[in-house]
Amino acid sequence: MAAVVTSHAELQLVVDTPAVDSGGVAVDRIQCSSCLISTILTKLHAGYFRVSLSLGGQALLWKTLRGPTDDTHTLRQTLHLFHPTAFTVLWCFSFFALVLLSVLYLLRCLLHFKMVKEEFFHHVGVNYLFAPSISWLLLLQSAPFFTPENHYSYVVLWWVFSVLPIVVLDVKIYGQWFTKGKKFLSAVANPTSQLSVIGNLVGAQAAANMGWKESAIGFFSLGMVHYLVLFVTLYQRLSGTDRLPSMLRPVFFLFFAAPSMASLAWQSIAGSFDTTSKLLFFLSLFLFMSLVCRPTLFKRSMRRFSVAWWAYSFPLSMLALASMEYAEEVKGDIPHLIMLLLLAFSVLVSICLVVFTLLNSKIQLLSVCFDPISSFVSRAKCFTAHQNEQPSQTV
Amino acid sequence: MDNRENHVSIELQESASAEPVPDLLKLITSNEVVVFDTIMPESETSVPSNGHQRKFSISISMPSSPTGAASAGTKNVLDVEDNGKGFNDSSSVEAPSKPKPKGDKFLSQPMPKGSVFGEAAPNIKKLKDKRFNSFKTWSGRLERQLSNLRGRQESESESEEESTQNLGREAFPVDRYFNALEGPELETLRASEEIVLPDDKTWPFLLRYPISSFGICLGVSSQAVMWKTLATATSTKFLHISLTVNLILWWISIALVAAVSSVYLTKVVLYLEAVRREYYHPIRVNFFFAPWIVLLFLALGVPPSVATTLPVALWYVLMTPFLFLELKIYGQWMLGDQRRLSKVANPTNHLSVVGNFVGALLGASMGLKEGPIFFFAVGLAHYTVLFVTLNQRLPTNETLPKDLHPVFFLFVAAPSVASMAWANIQGSFDYGSRITYFIALFLYFSLAVRVNFFRGFKFSLAWWAYTFPMTSAAIASMRYSSAVTSVLTQTLSVILSVVATLTVTALLVTTIVHAFVLRDLFPNDIAIAISDRKPKPQNR
């Protein structure tokens with residue numbers, strides 16, 4: 001894959017190239033909208049599911065916030081007054097976004113299967129294949145009209161979204177880590193690999209909510225064992241450079257998404273926010289502080305808007321959710337203060353991201369390649385399209 | 001061209017004098033090699049400024065080097081002057097001491113100060129002082145201010161101050177330390193390297209005072225805690241140890257901590273540059289955690305006659321700076337580029353991690369719940385990473401000593417303190433504590449049976465730091481035997497305590513011998529004086 005061996009400098013070149021001659025492309029657009037669909041299909045990649053991940057995370061956050069709670073602190077009671085309709089709107093919005101993305105991605109699988117295969121072989125792209133499953137699971141859990149215990153359909157959906165895709169991907173990817181020649185963990189490890197761990201943990205949480213303790217523990221242990229290995233590997237940073245272009249720096253936030261998710265999953269399994277969950281929550285909080293203290297790390301990626309920015313939102317939502325559970329368990333002012341801060345931060349970030357995306361959507365429709373993974377994965381085509389001003393691509 | 005001149009000059013000089021080539025010249029040739037672009041942002045150094053290496057390299061290649069050789073008696077005054085580091089003042093002082101053609105020397109030099117020639121004979125004492133100026137805070141200006149305040153007049157002109165440049169404000173790359181130093185504590189200079197300070201003179205005391213001196217405080221304060229536990233633990237009550245021992249040791253520790261901290265604070269104030277270089281040293285940086293650990297041990301070992309309960313605010317006061325320090329260091333491991341863990345991991349990193357557990361132990365014994373769990377979580381996660389990394393002994397890791405060295409005892413520290421911390425958090429010595437305790441015990445024994453291999457190492461003050469794991473293991477054993485009381489466990493705890501005490505006593509004797517008899521307790525601290533350029537290999 002040419003994209004993989006491309007030097008970062010070249011990548012930057014491609015990414016930073018501005019959307020060229022929107023005028024010319026606009027003419028084309030007027031002429032054939034099917035070309036546009038085709039463009040979208042070629043440009044879309046699993047990384048776009050970050051959007052649905054974030055929205056799903058926010059939906060789950062607000063559902064838990066509104067839900068029944070033992071927390072008698074005034075802060076929580078105030079937030080309880082959040083209007084139910086607003087939450088339903090949020091959930092529907094997330095649902096439609098996810099449906100749209102899923103449909104488009106399905107079309108891409110059907111029409112441009114080769115590109116999907118390329119993604120699968122890429123060390124960053126492959127982890128985002130977990131993202132659709134995770135998003136569906138999050139939406140399932142946050143659905144306003146579903147209660148896990150009663151509905152048989154909940155079980156069916158859980159199996160469809162959780163067991164099949166996640167387990168299959170697990171077996172493939174985790175097996176590769178220690179068996180396959182070029183795909184050893186030490187060679188491919190990067191912060192997005194934590195998405196596979198998060199997938200297992202979300203599956204565990206959903207299972208535990210259904211009452212399926214054993215499956216929950218199974219998924220949890222699978223996720224945690226690989227998280228341990230991955231955590232050590234990522235910390236050691238053996239390969240020297242990160243193998244991650246600086247535009248993808250926002251995915252560093254996944255460092256604290258995994259322990260937060262683990263803490264929530266363990267809470268669902270154990271029934272209460274016990275010491276293990278607290279340990280995981282504190283670890284996640286520490287990693288969050290570490291990252292927030294280093295804003296220069298993200299400076300480069302913040303220069304241009306890209307879909308990678310959506311990677312900021314989901315971890316923050318999960319951390320806020322974990323802090324909410326923590327504050328409920330350990331009643332006190334400081335935990336509630338932390339909860340409020342994290343909540344505010346995550347909501348603020350999500351709103352900003354939505355605004356930025358809407359502002360940029362015009363450019364998004366017209367530009368050829370403006371997000372890092374797409375150019376990372378199909379750099380040649382991108383560049384060619386750029387040159388030829390051809391919106392339509394055929395595989 | 002410069003190279004050739006340098007070669008010439010060196011040959012000339014070698015023939016000219018029997019004295020060893022001054023470090024300066026070696027350094028000068030190294031100036032040709034621009035290795036680390038991180039070091040020198042070509043600051044807008046004015047011509048007089050000494051901070052700019054290239055200027056000096058040119059000037060130094062003057063055939064005046066024979067004079068340099070001739071004046072090698074003033075040793076390394078030359079190197080001081082021309083060192084790209086910006087030892088500026090020395091140039092003014094060396095000139096007068098040189099016998100004759102100092103004029104030649106400075107002809108092509110972008111004169112840092114016109115005062116060079118006009119210098120009357122400055123006394124040698126001032127000459128010496130100036131050499132270390134670059135290591136001083138603001139390169140000696142602070143000291144001058146202080147002495148001016150005291151009323152002493154300095155004869156040096158103001159022009160010296162202008163040319164004073166702080167040594168690289170930019171971070172010293174860690175590769176430099178690995179390339180220049182070797183040995184299990186990265187203390188010994190490699191044969192091919194030179195240092196920027198004179199090697200044959202005894203440096204000012206403060207410059208020789210390493211941060212690893214806090215190791216003494218660690219060793220003694222952990223002894224205080226051990227004797228307190230010996231006196232109060234239920235399983236060792238049969239020994240009838242009185243609390244007086246704990247009281248005495250505690251007061252000694254307080255005195256030691258006060259002494260060491262004040263000396264080191266003086267060093268921070270007066271020799272900030274040297275402190276910075278210690279901070280960038282991959283092994284010494286871990287000792288920056290030591291003061292906080294010592295204070296935590298002091299709080300843990302406070303005799304009941306002094307205070308039975310400590311204010312909770314004390315814990316927050318102690319742990320906040322610790323939190324900031326570890327945010328910085330752990331972040332470097334994970335996110336930094338040159339100081340990532342796979343490169344710098346070494347057993348001394350345990351000092352960075354064990355502090356978390358000590359803090360958790362103290363907090364839990366004070367009755368706090370959440371704070372101790374926080375630090376326990378952080379410590380546990382990072383200890384796992386460190387443990388795996390060190391056990392892997394990666395080929396990319398250069399700092400692990402090939403042979404056994406007392407530093408390996410630090411492996412025992414974290415699990416033993418963690419087991420006690422977890423016991424305090426949970427309220428009883430439960431399974432988690434026992435698991436970690438047994439891990440600590442196993443590591444201890446696997447090192448103890450190899451004690452024959454711990455030979456032939458040069459004593460250093462850092463060895464005191466390696467005694468505190470033994471003491472912690474003894475304390476953990478006492479806690480364990482209080483939970484699982486049997487003859488075996490009690491014997492074990494007594495044996496471990498005895499071993500710890502004997503080791504500390506032996507170390508004390510060795511320290512006293514080195515301090516008063518051999519008088520080399522504080523040797524020249526080579527590790528902080530390495531140059532920032534790799535010297536060019538000479539055909540010597």
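Numbers here mean position along the shown chain, with the first residue as 1.
Any Cβ shown, glycine's included, is placed from N, Cα and C.
TrEMBL lists B:1-22, B:43-120, B:146-167 with the feature region 'Disordered'. Annotation source TrEMBL lists compositional bias 'Polar residues' at B:43-68. The transmembrane segment annotation in TrEMBL covers B:206-227, B:247-266, B:287-307, B:313-330, B:351-368, B:374-392, B:404-423, B:435-454, B:461-480, B:492-518.
Within the chain carrying the transmembrane segment (B:287-307), a Cβ under 8 angstroms from the stretch's Cβ atoms is held by residues 210-212, 214-215, 217-218, 221-222, 224-225, 228, 232, 243, 246-247, 249-250, 253-254, 257, 261, 278-279, 314-315, 318-319, 321-322, 325-326, 348, 351-352, 354-355, 358-359, 361-362, 365, 462, 465, 468, all 6 or more beyond its ends. A contact between the transmembrane segment (B:461-480) and the transmembrane segment (B:247-266) is absent, since fewer than 3 of their C-beta pairs, 6 or more residues apart, lie under 8 Å. Residues of the same chain lying 6 or more positions beyond the ends of the transmembrane segment (B:374-392) and with a Cβ under 8 Å from any Cβ of it are 319, 326, 330, 333, 341-342, 345-347, 349-350, 352-357, 359-360, 363, 400, 411, 414, 418, 421-422, 425.
Beyond the ends of the transmembrane segment (B:247-266), by six or more residues, the same chain brings 206, 209, 211, 213-214, 216-217, 220-221, 223-224, 227-228, 291, 294-295, 297-298, 301-303, 305-306 to within a C-beta distance below 8 angstroms of the stretch. Long-range neighbours of the transmembrane segment (B:313-330) within the same chain, counting only residues 6 or more positions beyond its ends whose Cβ lies under 8 Å from a Cβ of the stretch, are 285, 288-289, 292, 295-296, 299, 352, 355-356, 359, 362-363, 366, 368, 371, 375, 378, 382.
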